[in-house]
């Protein structure tokens, strides 16, 4: 790994000469240290993640994806793939340019000649002209395409051939480096240019400060050139020299011991090359004049011992080897992303285990050839820098998140790391990106964001145990602890509905929940905020039905995702529905995240289907909610409840009979936030007795609604009390739909009561229903029936055309038979197409205060 890293960077002493000429010695030292610190800290983070478990193919993509999730992993992984593909073109162009500099006669086109006028040297302009030959752009393009195609043929031969060829580049590279340093120490030789002074302190002092200049597109100093070099631009030029730290992780699938090889190889390579660059800055600053540093394109070859040809060969071999590694690593990275099956669009690049990624290699070669056609290294290197910096920032953030969370599974063998080092490394990456070019930074971040957005929409879900989910978990735990179990202030109250999916009603076995219940659950949330808990109860023995419950839970969870309703699914197995609900209402949730509203459909079919067990179950559920202080919302007419595309008009009518903490008012406001009800208006009906001051009551309610910032029309309806009805001499009742239902209910109750009395006399025990004693006060029964009759008549009179009616839920009378309560409720909802029957808290859910 160290040899590969060194081989990738023999080209950079060539850039370092120009950097010293422009920035001077001290700024060049700062630049190299700055870039080296960034990669060294990234190497520490990489070592920590790589030693936290076994690594598969994919290199940094695998590490980042498993730490930050598939969306971040794929977005950064694809950018890193592009960086590697573009880097291949940079190395190819470097090899071709070096070859054409060494052998100018090999140019197919007329070579370009650059005339340099008034070169800026030591702060003063030196008059005169000089001619410097540079390779033709067309030559770079033609030779670059040919070399890229030849390298692709080698890559197609497979990784075994590449591994055999790669070590052959090491000896020429090390020998070339040795020749450069020998030449520096023995310079100047007899045929050296005048600008090469040898290692002199005066030259070092002259080159200590910076002298930034303009150059043309070929990198040749020209006062009228289009490119101005400053410190930021030189950072972009030099940073690719330190971008080989992923060489080991890119080949993680073929390493024998990743947990040992990656830390040792990466960090030793980083320290070795950084030290080499710092030493080279000092040597070049004392070796030649600034003019020589700026105009001699290959000063390292000029001073090399015994001849420049050695350096030309070394540079060509090292850059071709680096290009070969890029063309080898990039396709495997793309194939690794495709094999994770996150993005269907990448299915073309999938490969089976042990196969070569031929399709990905062709795609990489296409990108590389396109960049070679551009033919300008100075335009390519900033692009590479941004993509690599994105990857390094991702590695640092991954280690920072994992180290900060410190989950039980986070046990890296590499102990010399800390979350603060990872954070500094990530910040350095961001700073370097903006130093180089804020425009390139914005474009690269926008590209990564677009990929992230595309993956989140089109990508398949992948659960890799990433750090973000661990962070969400720990944040949820801390939030839950901070909330405690105290009462929530009305300003912070959110509805957490418990959706009772299948309490009654005929549904096909493969339908886990009534289709409209999820639509109604979404109506109870403002802008999607909040959580719903969908619950279904299976009657039977838990040991026998546990697997059926798991299957049903998966089906219900899939249904929730399909309906795009934020919530969780729970399946309970219990001997009876009443027992199951009693367990749910006592144990479901944690602290203040327990469900606070029970939502279920009204059992409209109980009489039609002769479901005699429903009344007792219905009353038991309501009584359990009252004891547990849970609000209740019962939906009548659920089959006709509108979905998000069915717009409603008219009014939302509230029959506000008892104080409920403002839940009914809040529900009406939440309905108005949905597109289906946004065209409706709210009407609040206040029921009062005949002797009540209606105007005073109306004014009080208006003031109350005004203080709550709720716009509604208030209507006061007077109703004769039961006592007044009994005292009245008139026995003529109104003849309408409600009266017929009232008469039928009286007859059914009388028949049921007679049967109960007959059974009690026959068995010689008190009146019993479902194993419990009941007390029947016939006068109270008539009072309840009369109250329901008058309320239903009022609703039909004023709200027959309303979009939805909300009415207070009467609590079941103590010791009354459950059958009687169902008759009361049937009379209340008679002929009303869509109704919400609401019972609120003993606490407020709305407040006057800001």
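Yeah, the Cβs are placed from backbone N, Cα and C, and that goes for glycine too.
TrEMBL tags one of the stretches 166-187, 188-209 as transmembrane segment, and that stretch is 166-187. Note on TrEMBL: of 107-129, 383-405, the range annotated with the feature transmembrane segment is 383-405. Checking TrEMBL for transmembrane segment across the ranges 340-358, 359-377 points to 359-377.
Under the criterion of 3 or more C-beta pairs below 8 Å, with sequence separation of 6 or more, the transmembrane segment (261-284) and the transmembrane segment (140-159) do not qualify as touching, having fewer than 3 such pairs.
Looking at 25-51, 166-187, 359-377, the range that has the most CB pairs within less than 8 A of the transmembrane segment (72-93) turns out to be 359-377. Remote same-chain partners of the transmembrane segment (227-249), defined as residues 6 or more beyond its termini with a Cβ less than 8 Å from a stretch Cβ, comprise 1, 4-5, 8-9, 12, 15-16, 18-19, 22-23, 27, 31-32, 34-36, 38-39, 42-43, 46, 50, 55, 59-60, 63, 80, 83, 87, 90, 210, 212-217, 255, 258, 261-262, 265-266, 269-270, 273-274, 277, 325, 329, 378, 381-382, 384-385, 388-389, 391-392, 432, 435-437, 440. If you look at the transmembrane segment (166-187) against the transmembrane segment (304-324), you find at least three C-beta pairs under 8 angstroms, all six or more positions apart, and that counts as contact.
The average pLDDT for the domain 'Amino acid permease/ SLC12A' (19-473) in the predicted structure is 81. Between the transmembrane segment (426-455) and the transmembrane segment (25-51) there are at least 3 Cβ pairs closer than 8 Å, counting only pairs 6 or more residues apart in sequence, which means the two stretches are in contact.
The stretch from 140-159, 359-377, 383-405 with the most CB pairs below 8 A to the transmembrane segment (25-51) is 383-405.
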